[in-house]
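Participant: Have a look at this one.
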Amino acid sequence: CPMVLSLGRMQPQCDSKPPADVPKTTKPRGDSDGPRRSSLCDRHCAAINNVQGDLGDLGCHLHRPRIPPAMSSPSCCQQHSDEVCESCVVKTTLTAENAVEANKLSNNYKFGFKKWKSHVTARPWEDRSEIVKELYSDLNVIRGSGGSTVTCGNVLYLLLFGWWLSLLYVLVAAMMFITIVGAPYGRLCWNLAGYFLWPFGKVIQKEEVPKSRRALGACEAGAETSGVGESSALLGGPVPCRWRLRCWADAGYWQCAGTVAWLCLGYPALVLAHGLVCVTAWLLVILIPVAKLSARTATRVLLLPPERVLVRRLRMTEVPLEGEVILCCYRAVNPYYYKYAVDGINVFAVNLLPLVLVTLVLGYVDSHNCLTSSPVKFTLALLSIMPLSYYIGMAIASISAQSNFAVGAVVNATFGSITELTFYITALIKGSREGNRCYAEIVKSALTGTLVGCVLFVPGLCMVIGGIRHQEQRFNSRSAGVSSALLFLSVGGVFAPTLFSKVYGKLVCGECHNVTQNPLGHYLCHNCHFDLMENNGTLYYSHVQPLVYTVSLLLPAAYLIGLFFTLKTHSHIYDIHISDCHMPGHHHSAVVHWSRWRALVILLLSTLCMSACADLATEHISPILTNSTISQYFIGVTVLAMVPELPEIVNGIQFALQNNLSLSIEIGNCIAVQVCMLQIPILVLFTIFYPTNFTLVFSDLHVYASMFSVVLMNYIFMDGKCDYFQGTVLVMVYFILLAVYFFAPSPSGC
């Protein structure tokens, strides 16, 4: 039965006919052109609803109308006389490869769940585009004439690696010729020197075993089959017994001595060189083909007997070739390798993982700053948060997709804000130990910066980038309205103690100067603030603090009510249906990248490393706060607030490029709501058990910036459609607020 998942439930759709993987389409009466009309309806639905998943994953089907045709949009199904596209009005249908991926797509539209773009299961090979297939293909495929091999990327390879790698092969060849017994390997290195100078348009193949040596090949096969061969993960597979057989069976003493000389003198130097090339090219991402070229050379080509390695030009070789093709490379640079993933992990997250290890080693081993300075350690710790945030997000999405609703909700509520909370709590602990109020002000600035950035910058940037590809984008205004209402409630609750202190607090100024030289004239005062500790803190402890605790209890309760409203009683607001729409014979079972236990272990390890990096960041932020000429407000609202949210920003941009602005907006709104309704109450609860300098009283700048941002966002999202101009307005307002924070004086106590 085709599987249809609606929000929070799964139900099969069956009939009396045999089950099929293709969703059924009701054919309009009196018209045999149903499929074409359905495709037309699909395109109109994509333009109207704008709530689809991956490219090409939107499915709209023709059904009986639930509303009169006159009430439907004329641009959607105006050509249908008696039937309209029901999906254009009441639902959006998304396709998924399997049940796990369907759960992930459904969770993306659930309020309070982390939105995740990447797949949590392995995509079927036939469903991938030709561009992606090329990324994962081996460098042993011979194509037709593809034009000139002189490209900018190939020239870049020549300048970075080709010339010195070729020179190294020439030197190794000379060394092997000097040993005499290694002359065959010297000829091999000489041929490879020309190959690696310009490997494009050339092929390395393994020559077939001559008839006179087939008995030797049978011996090799028998040895490997009987388990004589050893395995080595470093060299990438079983270690063949050809060296052993060549040395002691019929190859003679001289060939055995040449192999020993090669393994002792030539091979190690070349492996080190290719390892350096492989690591460098992999870190540059777009040069991953060069990394594959070097890895296969070190683990395959250099381990073959020299007489069985042939280097030829493709124009001199007939196709098909006789023998196995080992290497065949056409270009060194492929800009699409930013899509490359290793076991479901994006290549950038893989490359940044060693940075976490370097940060932890330098931070805890070099405690006296003998190797690096505090600003360097702070920068490394902050950059290490980005890949850890990615791993936490991937683990949460994997666990939620493979579990029921209750487990997914608990995991998202527990670990969804762990990145920010880890940094905030470590900063407050350090500020309490040092008696420095500046750390509490930095935390308040980071909270405000996250709120303003997720309300203005994240949706605005997604609108601008998505508007480049799509002229006008639409989104679910009802779901955005629910998030906006919660955001208004949360902002009002968070800043209620601040407004209360402004009304009833006593204004105290640091120093005042009489401007008019008249005792009754005007005074110019500096460093003014509202004192809540008058009369031994009666105002604060008797009025403000109870209000803070009350708000901290009401906001999480409102968050739970919002979850119950959107996921249970009014789930039709989202009404997302996910169906398996593969053609017959293309149904695939789920092959998850991370199992639930593996995802849980990675989640816990990433959280532990996140805590360590946050501790290092707060440990080495003091010199930056004391010696920097930039306002501490600006550091908090930019660096500390937005760097942990970079993975979420990337997800939002990817959704916007696929004309799915609803999820881009929900990413920002969900983070902003969690800041006010979960993170701040948790910090208040933490101060009860561990007294710190954190009080829920913000500066006027934070209050005005947050409220203005929320009002502007609701005004922009009022009509349910947007374009790049409205996104530009949000981004420009965000940068204006950043300029205000940049030129603002540092908070008192810093």
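Glycine is no exception: its Cβ is also placed from the backbone N, Cα and C atoms.
Grabbed the feature section from TrEMBL, which reads as follows:
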- 28-38: compositional bias 'Basic and acidic residues' (COMPBIAS)
- 152-202: domain 'Inner membrane component' (DOMAIN)
- 376-495: domain 'Sodium/calcium exchanger membrane region' (DOMAIN)
- 599-741: domain 'Sodium/calcium exchanger membrane region' (DOMAIN)
- 1-38: region 'Disordered' (REGION)
- 155-181: transmembrane segment (TRANSMEM)
- 269-290: transmembrane segment (TRANSMEM)
- 345-364: transmembrane segment (TRANSMEM)
- 376-393: transmembrane segment (TRANSMEM)
- 405-426: transmembrane segment (TRANSMEM)
- 446-468: transmembrane segment (TRANSMEM)
- 480-500: transmembrane segment (TRANSMEM)
- 547-567: transmembrane segment (TRANSMEM)
- 599-618: transmembrane segment (TRANSMEM)
- 630-650: transmembrane segment (TRANSMEM)
- 671-690: transmembrane segment (TRANSMEM)
- 696-717: transmembrane segment (TRANSMEM)
Participant: Does the transmembrane segment (405-426) come near the transmembrane segment (155-181), with 3+ Cβ pairs under 8 Å (pairs 6 or more apart)?
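Facilitator: No, the stretches stay apart by this measure.
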Participant: What counts of helix, strand and coil residues does DSSP assign across the domain 'Sodium/calcium exchanger membrane region' (599-741)?
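Facilitator: Looking at the domain 'Sodium/calcium exchanger membrane region' (599-741) with DSSP, the answer is 117 helix, 2 strand, 24 coil.
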Participant: Does the transmembrane segment (671-690) reach the transmembrane segment (599-618) with at least 3 CB pairs under 8 A, where each pair is 6 or more residues apart?
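Facilitator: They do not touch: fewer than three Cβ pairs between the two stretches lie under 8 Å.
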Participant: Could you tell me what the rest of the chain brings near the transmembrane segment (480-500), counting residues at least six beyond its ends with Cβ under 8 Å?
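Facilitator: Residues packing against the transmembrane segment (480-500) from afar: 111, 451, 455, 543-544, 547-548, 551, 554-555, 558-559, 562, 565-566, 573, 662, 665-666, 669-670, 672-673, 675-677, 680, 695-698, 703, 706-707, 710, 713-714, 717, 720.
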Participant: Which bits of the chain, at least 6 residues beyond where the transmembrane segment (376-393) starts or stops, bring a Cβ under 8 A of a Cβ in it?
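Facilitator: Same-chain contacts beyond the flanks: 114, 116, 345-346, 348-349, 352-353, 355-356, 358-359, 362-363, 369, 415, 418-419, 423, 602-603, 606-607, 609-610, 613-614, 616-617, 619-621, 624, 639-640, 643-648, 651.
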Participant: With a Cβ cut-off under 8 Å, give me the same-chain residues at least six positions beyond the ends of the transmembrane segment (345-364) that come close to it.
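Facilitator: Sequence-distant neighbours of the transmembrane segment (345-364): 118, 282-283, 285, 288, 337-338, 371-372, 377, 380-381, 383-384, 386-388, 390-391, 394, 593, 609, 612-613, 616, 619-620.
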Participant: For the domain 'Inner membrane component' (152-202), jot down how many residues DSSP puts in helix, in strand and in coil.
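Facilitator: Its residues fall into 42 helix, 2 strand, 7 coil.
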Participant: I'd like the per-state residue tally for the domain 'Sodium/calcium exchanger membrane region' (376-495) from DSSP, helix first, then strand, then coil.
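Facilitator: Final tally across the stretch: 104 helix, 2 strand, 14 coil.
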